[in-house]
Amino acid sequence: MFNSSRINEFSNIPTPFYYYDMEILQNTLEIVKRESSKYGYHIHYAVKANANPKIMTKIQSYGFGADCVSGNEIKRSLESGYPPNKIVYAGVGKSDQEIQTALDSDIFCFNCESIPEMELINEMAEKANKIAKIAIRINPNVNANTHHYITTGVEENKFGISRWEFDSVLEGLASYKNIELIGLHFHIGSQITDLSVFKGLCLRINEIKQWFSDRQIFVDHINVGGGYGVDYKHPDQNPIPDFVTFFGIFNEFLNLEANQELHFELGRSMVAQCGSLISKVLYVKNGVKTKFAILDAGMTELLRPALYRAYHKIENLSSNGETENYDVVGPICESSDCFGKLVSLPATKRNDLIAIRTAGAYGEAMASRYNLRDIAPSIFSNELN
Ligand code: LLP
């Protein structure tokens, strides 16, 4: 729950806007730093979750690297102070121009997702007279038990390289003179809250590593991607995911060789809980069976409910009235522009302030200008007086 002083501050700011609680962000980053340092793990922040420059700069100040999926994310990371040697670059469809940006910037590692991509990187690195360092993104065929739109680690999937392709990858690598294999990369999906899934990933990686070492292939690092989930239902009780257990699982179950580094690409778990979308009620409209609370924010500001039917906690910050059920909807001309059906809220009226919680990850980052709407601004707790 936001405290009442916050509401007074919010009431003078035009809505909708993203609100970032920098104290939550800071507390989260401190714990990630503390727990990952225990084991010497390397963290790359998954920029796709939130590329806001102030958020990115804050994360960088803890010494974390960046995980990018586009040339523009690489540029944004460099501008935000991330050193090139801490930038990894993944993506199934890296364009020639983006590969060039990565080569020019001397990034730490390309996470390669297909044989044709490796061929192209090799060719472009040769022209640039460079050796590109790569990890192969392996599809470990581990089910993440999460929403099927954000599952990526099962075999029939556009991401990564499957086991049956390993032999041809090795053949290719032997002939590519301008790429050097330095890592194995995995990422099985997002919003994973069942921690046993990560144990399963570790055990599968152990097997895959064995396959490679049986063939005398040893890599400097393993990258296990991101995917750790957050508590969308209870943002106040659980503002920070349990990183003690999370990193502990990798320490317990993953067999690393001496000097082999372990890398992570954490997105949502670092930034989701620090952000809320703040909106105002434009109208309360009576339907046949339901009441609609129509907000001035919609799927253009937070796409997740419309795209994945994702749950976000909705709070009315202005009312203490008797609770009633509302369908909380946005103003966009799409029926899917709905943040929640039959949401229990205190009696709600025009101009009430509404907070849609846990919107720091994949909120602002997935905003669009559909219906020619303006992009909502961002407000930071440490800049309010
Ligand atoms: N590494 C790779 C290769 C990824 O594809 C992703 C996310 C991450 C790391 C970071 O995952 P995270 O720690 O944030 O789970 N828009 C969706 C989520 C898509 C995630 C895509 N990949 C959503 O709003 O739920």
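Glycine is treated like the rest: Cβ placed from N, Cα and C.
As recorded in TrEMBL, the features of this protein are as follows:
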type	residues	note
DOMAIN	17-360	domain 'Orn/DAP/Arg decarboxylase 2 C-terminal'
DOMAIN	41-272	domain 'Orn/DAP/Arg decarboxylase 2 N-terminal'
MOD_RES	Lys48	N6-(pyridoxal phosphate)lysine
ACT_SITE	Cys333	active site, proton donor
Length of the line joining the Cα atoms of Lys48 (N6-(pyridoxal phosphate)lysine) and the residue listed as 'active site, proton donor', in Å: 27
Within the predicted model, mean pLDDT of the domain 'Orn/DAP/Arg decarboxylase 2 C-terminal' (17-360): 95
Lys48 (N6-(pyridoxal phosphate)lysine): tally of other CB atoms within 10 A of its CB: 22
Chain-internal residues near Cys333 (active site, proton donor), provided their CB is under 8 angstroms and they sit 6+ positions away: Asn371
